[in-house]
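What follows is a short report on a single structure.
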Amino acid sequence: STIVAPPSGSQVYQTTAVPALPTQSGSIKDCGRYHLVVDGNTCNLVCLIYSITFSALCKLNTYVNNGCTNIWLKSSVCVGQVTAQAVSKDGSCGPKAEGAICMGSGVGSCCSVSGYCGNTVDHYSPGACYSGACTRSATSTLDGSCGPNAGGLTCNNPRFGLCCSIYGYCSNGTSFCGAGNYYSGACNADIGGPSITGKCGPLFQGNKTCAGTQFGACCSQYGYCGNGDDYCKGANCYSGFCTK
């Protein structure tokens, strides 16, 4: 999400944000910023961090009860709504033009990643188009969702980011592109980190580990995660919670 801080200090969100982790049912769709809930967070703390009222938090996330007892750990809560975007007056658009859009500007219906309105291939083609009447492949995401749970949609839409995380959302940064966090796209070198397939160790690409995964705590000498003596005992165990 593109964020602008006016002289007043309050934040204006120009584009729809992509949550790093899933949201609960009831969060608004046009959310400009999300907060990742971690241990120790309270509604009061979240409101203080983002300078919003508890009433505003509840409007952004309609599932929140009066006691704020139903916010899940490791979920994303919306803390700001996208502000309506102005139509470009001079042909500039996107983040560099305070979020101005091109539709209705008279100089083109597509905003390029360079920040200019137009209708050429340099404006509307995949990888070049930031917003507007972009041309995309059948697998390009339109809402920032991606991966197996989104029908195999990919993140080649620069508006949302170029990495598809293992949680099924497009964005940039280590939470989406880093080893152990990404599913596909313009990802960082996938070396180390927890296995997402059940394969582990030097026999498979990435040299993944098993501890903390749903597959088991031990990586066997054959390169698979699991529990029990076949994975964890003596020479059977390559890494993890090995036993003698």
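Heads up, the Cβ atoms here are built off N, Cα and C, so glycines get one too.
What TrEMBL lists as disulfide bond is Cys163-Cys177, Cys218-Cys232. What TrEMBL lists as domain 'LysM' is 33-79. Among the features that TrEMBL reports, domain 'Chitin-binding type-1' is placed at 143-189, 197-244.
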Point to revise | Between Cys177 (disulfide bond) and Cys218 (disulfide bond): CA-CA distance (Å) | key: 25
Review point. Which has the fewest other Cβ atoms within 10 Å: Cys163, Cys218, Cys232, the disulfide-bonded residues listed?
Key: Cys232
**Study point:** Packing count at Cys177 (disulfide bond) (other Cβ atoms within 10 Å of its Cβ)
**Key:** 21
Check your understanding: About how far apart, in whole Å, are the alpha carbons (Cα) of Cys177 (disulfide bond) and Cys232 (disulfide bond)?
Key -> 31
Revision key, fill the gap. DSSP assigns the residues of the domain 'LysM' (33-79) as 15 helix, 9 strand, 23 coil
Point to revise | Pairwise CA distance, Cys232 (disulfide bond) versus Cys163 (disulfide bond), rounded so that it is a whole Å | key: 34
Exercise for review: Restricting to the domain 'LysM' (33-79), report the mean pLDDT as a whole number.
Suggested key: 91
